[in-house]
Amino acid sequence: MEFNLENPLTNFNDSHSNAFTSLFLAESEHMPAENYFQSPKSKDFDISVRRETISIISQLSCNFDPLLSYLAVNYLDRFLSSQGMLQPKPWILRLLAISCVSLAAKMKGTEFSLFDFQGDGGFIFDTQTIERMEVLILGALKWRMRSITPFSFISYFISLFKLRDPSLKQAIKARATEIIFKAQNEIKLLKFRPSIIAASALLSAAHELLPLQYPCFRKATSNCSYVNKENLLQCSNAMQDIVIDGYESVFDMVSSSVTPVNVLDQQFSSTESERTNGTISGSSTSRSERDIKRRRIIGYCDNLTVQISRIQQC
């Protein structure tokens with residue numbers, strides 16, 4: 001039976017509430033060890049090892065379901081956290097990436113051949129070598145391959161929002177899914193439970209798409225008996241930074257490649273110069289760079305359509 005990240009349990013005969021209770025109770029068993037990147041034993045851990053291996057996983061799984069890549073990275077983090085220091089040799093990282101992707105493909109019932117995963121990395125591994133690494137990973141993960149991930153909790157938390165419109169529910173779920181994929185690359189979020197990451201991603205998506213209803217969604221999520229409010233707040237703040245960084249990347253890309261700055265910003269800069277007489281106020285200079293970027297992004301989004309319309313009329 002194909003493994004579904006949204007429904008990882010095998011005891012489908014349980015009631016809906018009992019199934020989610022089981023998920024919340026077992027989720028910590030499917031996380032990296034608490035000392036991942038933090039303990040004295042792992043102080044020398046080179047973060048580039050993780051980054052490089054994730055990059056290889058992405059390359060190997062780019063033609064498959066994105067959830068396959070997510071599952072493979074979950075295996076990677078749990079394996080690395082249990083093994084401690086890993087020699088950052090290119091062939092070791094590639095073998096590890098291939099084995100994680102291979103195990104994820106087997107779990108999801110995805111048809112593949114090991115030749116599909118050899119790629120252009122310059123290293124060719126025989127089947128026996130890959131299988132030995134798979135066994136090593138399986139042992140480190142204690143054969144818990146039906147990983148409980150943030151996707152396992154989306155349907156639970158979104159039910160707390162009590163949305164009647166299916167299209168709105170689907171839109172929030174889709175945006176939360178994008179955020180969860182992006183959040184997996186952030187080391188600082190690995191300490192949070194999958195359920196907290198799911199709740200934070202849904203709240204972030206709701207803040208974007210349904211800002212007027214966001215306070216109600218936040219209250220409903222915070223009042224959930226399974227949720228640690230302090231952890232939810234910390235995770236939500238960290239995740240908001242990720243979302244803002246994404247906006248900044250889009251903003252920088254669009255402003256530099258789509259429309260010349262002197263076209264879009266001419267009217268704004270001239271108006272601003274009239275107000276400040278060519279100077280920057282003390283209150284502006286005291287703001288952090290991130291706050292300034294956020295204001296620029298918001299202003300850009302609000303005025304982009306109007307400005308493009310004016311340009312087209314010229």
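Along the chain as shown, the residues are counted starting at 1.
Each Cβ is built from the backbone N, Cα and C atoms, and glycine gets one as well.
Keep in mind that this is a model prediction, so the values were computed, not measured.
Database features (TrEMBL):
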COMPBIAS  269-286  compositional bias 'Polar residues'
DOMAIN    51-139  domain 'Cyclin-like'
DOMAIN    148-275  domain 'Cyclin C-terminal'
DOMAIN    152-241  domain 'Cyclin-like'
REGION    269-290  region 'Disordered'
For the domain 'Cyclin-like' (51-139), jot down how many residues DSSP puts in helix, in strand and in coil.
63 helix, 0 strand, 26 coil
DSSP on the domain 'Cyclin-like' (152-241): how many residues come out helix, how many strand, how many coil?
68 helix, 0 strand, 22 coil
Limited to the domain 'Cyclin C-terminal' (148-275), I'd like the whole-number average of pLDDT.
82
